Amino acid sequence: MPLIPWPASADDSSKGKDDEKDIATKAKELFALAGEIPPEYFSVAAFAAGSLSLAASYFVHKRYFRRIPNAEWVSPNHLARKRWIKGRVTSVGDNDNFRFYHTPGIGWRWPLKFRRVPTLTKELKDQTIHVRIAGVDAPENAHFGRPAQPYAQEALAYLRARILGKTVFCQLIRRDQYGRMVSHVRLAPRFLPATLFRGPNLAEDMLRKGWATTYEQHGAEYGEGGVERYKQIEQEAKDARRGIWAKGVRGETPAEYKRRYAQAADGGEPPSKARAEKEQKRGWLQRLFSWK
């Protein structure tokens, strides 16, 4: 049952007037105390407030808006904190690394687009970060006079289709011997806001599709699930005969390929020639069943 709005009594009215008088009296007392404060104190307080505001603005700009042009600008503090940075992939030249343009803060997308990612090669010079995807090893392309591994072109095509021209998030881990930033890479979520959520783990995607193997050499870095998760995903791709495992699991891995050429560099017969002669001596039936 609703309460009946009885009219205010005379006592309530007088009490409200007394409260107003008390407030007015206290306000006068505060103004009087403020008048006794020396003017220089106000100057110090204003200077302190301005300094605090300036420091806060600098921190926000440094943390959220200042761009990292290239790997040389990545500081030890970034690596110690394993900082996540956002950027647009501008080129994919190899099967397990790429270059991306750091895009911090706002202004890169509509409706608040007032900054742009360069597209010309001369504009991108020294303005991109070279990223090595952590935890995986992909088939080697032909370079330095070495032949490409089987499925190298297919692995490169997959990676380009997956990330080229797209936004990714990189967690900076360390700088490798080639000056690349070893990083955990996540794609932007498809439907959820990228500022609050991150998408799939790129390394796990590569393993799942069969276009990479788990990197197990010195300095290997893995995601939250550790090496066990990576090996499990790789095994699932092997069982399903995906990607580089389409013809079996006994092919030469990227790690074995690089080890073979490293040993050959120390002396001896070129590994490609020795391997070709060995293959010729084997019968076609033996080569066929060796992939199982």
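Backbone N, Cα and C atoms are what each Cβ position is placed from, and that goes for glycine too.
Copied over from Swiss-Prot, here are the features:
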type: TRANSMEM; residues: 41-58; note: transmembrane segment
type: ACT_SITE; residues: ARG132; note: active site
type: ACT_SITE; residues: GLU140; note: active site
type: ACT_SITE; residues: ARG180; note: active site
type: REGION; residues: 256-282; note: region 'Disordered'
type: COMPBIAS; residues: 272-282; note: compositional bias 'Basic and acidic residues'
- line: Within 10 Å, the Cβ with the most other Cβ atoms among the active-site residues ARG132, ARG180 is that of ARG132
- line: If you measure between the CA atoms of ARG132 (active site) and ARG180 (active site) and round to the nearest Å, you get 6
Message: Measuring Cα to Cα, how many Å separate ARG180 (active site) from GLU140 (active site)?
response: 17
- request: Name, in the order they occur in the sequence, the residues of the same chain whose CB lies under 8 A from the CB of GLU140 (active site) and which sit 6 or more residues away.
  value: ASN95, ARG146, ALA148, GLN149, ALA152, PRO254, TYR257, LYS258
